[in-house]
């Protein structure tokens, strides 16, 4: 094995970054055991450095194969790649090959910063590490080495935290200080989370860790977790602090937590069914359910029921209702609106005191009555890895190589035609869009002389769209076109597009969505003919490099390479939700199926999945010797004959050549 880049794995070799990454690649598991080649390194060198064999000398990963001997015996320069890069790739100073378009993108893709050294300054709001990588300014002095060389954590950082102290005592704050987690002068970060179902306000506040607006810090100050993860029944902080004292209120210390209308508040954090109050038995631990005015009879005109309480008679409501402001009548709780996807994964029907879930055609409601699953054949994930296109069964986990291109070519972005069962992909080496039939095995070239970051198939209108970030265009051609030496495509949108990148289609509605990653990143929507263009979102975006549509929930998802986040919004741009996830590093393409979000991660050479709503339960599905790029989850089999609002679905819309739908 190449000493600096690979490690022994049985009879084969694996890349060094795969050692101790939490995923077993070697059959005997030696890549994840303490005696393997790198598992002992973090205790000596730290997680972002490697140890020169036989010494205590540590060097950062980016000094491997940089043509400079950093280890005394030259170990860091042994076995380095000598071969030239493929067409469409660029060779770094350390001989690593990266995609040519990754040069000067603000990210150290090479590992030795040679792809960024000769470039313009970092974008606004970012700072450059000494090794060349650009990071967010907010990551400076956050007690974590975001720069490989640690230049984002200089010794002067300690002065910023000195005034804040080292410990937060919660939640006892004496008046007249306002009821908050900490006094304002003491609290560098004071975040809270409201549970919409109960109204409970949960706190987490620690002065020595700065977290994004959507996150809260753990008590030990070592990490941040999303607000949605606080008091959700699962420990996400290593110290479990996100699940502690969940019933306690932050801004009213000593007050009982709100209970539902059919419950009685015992004391701080405890709720008791109203039928157990004043029944002669002490059910609250403090005995508060059997004191006071329990003997006063119920004479109120209550909408549902009346129960005696230590404070006198009170009205209460059946489950599924809440007490109105008048304190007597009951109003229905609309679970479909208040709980959103926590109630049903697809359609939700509210009913008095209850609700029910239903599924769209092609889906079946699970026995739990909440989750919808696809019927029919097993859903498959298509992914392009170097010169191969693979399929991965989302139920069985079965892998299969569907097609292989020439080894010197890279299958970049890809999509699938549901009607003719063809895979289309962008070939950077030949600057062409190619295809192959999965049934017939026939191959062909659709168009040449194009460069694209993303392609998308309109299987209903029989067109293929692609983005050209350098030219600032979205273009299209007929799926049935054949290359005859003359380009046969049209420019759908041009002019004011700021580096269009990812592209997704909604053929039944005749709509397309795309992301722009220029100076002013944004998400856009338009008709498939380029008209009726409008902006969905322009705030809170860095580099939205991967888009995916989830039509059952009517939401669009994006993965942000610059911010390391997953976001989603309704198709009208409302109800925006963003989760910052540490493992989102260099996403290329994304897809949504049922309750999961899938994406290809270039730097980790893997395809991963998370729960689409929470970002939890990350799983690595595929890991190959090569970078994954295009990724799709097609619906196998022929689609049902419906045209929706796509005017090109029948007889090509009456057009002799290209028909672009306008709903």
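Using N, Cα and C of the backbone, Cβ positions are placed for all residues, glycine too.
A 10 Å cutoff on Cβ-Cβ distances gives residue 1 (disulfide bond) a total of 15 other Cβ atoms nearby, all chains included. What TrEMBL records for 1-13 (among others) is disulfide bond.
Residues or ranges marked as disulfide bond by TrEMBL: 65-80 (among others).
Per TrEMBL, disulfide bond is recorded for 85-97 (among others).
Annotated disulfide bond per TrEMBL: 92-110 (among others), in sequence order.
Take the CB of residue 119 (disulfide bond) and look out to 10 A: across all protein chains shown you find 15 other CB atoms. Here TrEMBL flags 104-119 (among others) as disulfide bond.
The disulfide bond feature in TrEMBL is assigned to 122-134 (among others). Around residue 134 (disulfide bond), taking its Cβ as the centre, 22 other Cβ atoms fall within 10 Å, counting all chains.
According to TrEMBL, the disulfide bond annotation covers 129-147 (among others). For residue 147 (disulfide bond), other Cβ atoms within 10 Å of its Cβ number 23.
When other Cβ atoms within 10 Å of the Cβ of residue 231 (disulfide bond) are tallied across all protein chains shown, the result is 20. Positions annotated as disulfide bond by TrEMBL: 231-246 (among others).
For 259-271 (among others), the entry in TrEMBL reads disulfide bond. Taking the Cβ of residue 271 (disulfide bond) as centre and 10 Å as the limit, one finds 19 other Cβ atoms among all the protein chains shown.
Positions annotated as disulfide bond by TrEMBL: 266-284 (among others).
Residues annotated as domain 'EGF-like' in TrEMBL: 84-135 (among others).
Taken from TrEMBL, the feature domain 'EGF-like' applies to 210-247 (among others).
Sorting the domain 'EGF-like' (297-331) by DSSP state (H, G, I as helix; E, B as strand; all else coil) yields 0 helix, 11 strand, 24 coil. If you look up TrEMBL, you'll see 297-331 (among others) marked as domain 'EGF-like'.
Per TrEMBL, domain 'EGF-like calcium-binding' is recorded for 298-331 (among others). For the domain 'EGF-like calcium-binding' (298-331), the model gives a mean pLDDT of 86.
Applying DSSP to the domain 'EGF-like calcium-binding' (332-373) sorts its residues as follows: 7 helix, 16 strand, 19 coil. Annotated domain 'EGF-like calcium-binding' per TrEMBL: 332-373 (among others), in sequence order.
As annotated by TrEMBL, domain 'EGF-like' applies to 335-373 (among others).
Neighbour density around each Cβ, counted as other Cβ atoms within 10 Å, peaks among the disulfide-bonded residues 92, 110, 259, 284 at 110. Residue 284 (disulfide bond) sits 8 Å from residue 271 (disulfide bond), taking the Cα positions as reference.
The Cα atom of residue 271 (disulfide bond) lies nearest to that of 147, taking the disulfide-bonded residues 13, 92, 104, 147 as the candidates. Counting in whole angstrom, residue 104 (disulfide bond) lies 17 from residue 147 (disulfide bond) by their C-alpha atoms. Summarised by DSSP class, the composition of the repeat 'LDL-receptor class B' (510-553) is 3 helix, 23 strand, 18 coil. Here residue 110 (disulfide bond) is positioned 13 angstrom away from residue 134 (disulfide bond), judged by their C-alpha atoms. Looking only at other Cβ atoms within 10 Å, the busiest spot among the disulfide-bonded residues 13, 104, 266 turns out to be 266.
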